[in-house]
Amino acid sequence: MRFIALLISFFALLKVISAISGVDISSASTIESFTCLKSAGYDFAIIRAYESLGQVDPNGPHSVYNARDAGIEYVDVYMFPCPTCGNGAGQAETMVNYLKGYNANYGMVWLDIEGPQYWMSQSENVAFFESLVAGLKAEGAHIGVYTSASQWEPIMGGYTGGSEFPLWYAHYDGNPSFSDFSPFNGWSTPSVKQYDDTGDSCGLGFDLNWYP
């Protein structure tokens, strides 16, 4: 019995050790900032590459470079689309091609779905989301979705089409675990959690994220 208890404790510890912490940013950065974050134990970064005004983020490619040059192993980007600007596929393709123009080396593209007040009717929102997805798929992007039940449901209603993609969800409880997660709209298990939005060190403001 004692052996079983020790074994359970070992696997629990192994899971904690294998989990990694990361940041997401929406501002300009430097290599020095990411080197500092790397030294502080952050191993992944998610960089804003498209702004909600309907334009690419000019800081995006350079922040991808900076994170890579600082030794951050996992670097993704996120897209904050402009629903009322229309042409989701065009927005997605513009962002991807802008990053390609800089030879920015990143993994996932996370679609940031939040702020119901900035969206349209639920049927229009679903169509716009599917257009974004089509544009990213046409460019060969690996897609994920950043949202939470409180944001997704007012925007998309009962639509479950987003659940074919990994979920990065936000809940600012300061707890780097999925113990708080409740399934919604087809997502039964999340991939990443944004658990704190008050990160401020190494010359950067950032959100804190956790990946098991």
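Just so it is clear, glycine is given a Cβ too, placed from its N, Cα and C backbone atoms.
Features reported for this protein in Swiss-Prot:
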type     : residues : note
ACT_SITE : ASP24    : active site
ACT_SITE : ASP112   : active site
ACT_SITE : GLU114   : active site
DOMAIN   : 20-212   : domain 'Ch-type lysozyme'
SIGNAL   : 1-19     : signal peptide
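Fewest other C-beta atoms within 10 angstroms, among the active-site residues ASP24, ASP112, GLU114, are seen around GLU114. On a Cα basis, GLU114 (active site) lies 16 Å away from ASP24 (active site). Annotation note: ASP24 (active site) sits in a strand segment as assigned by DSSP. Secondary structure at GLU114 (active site), as computed by DSSP, is coil. Across the domain 'Ch-type lysozyme' (20-212), mean pLDDT in this model comes to 98.
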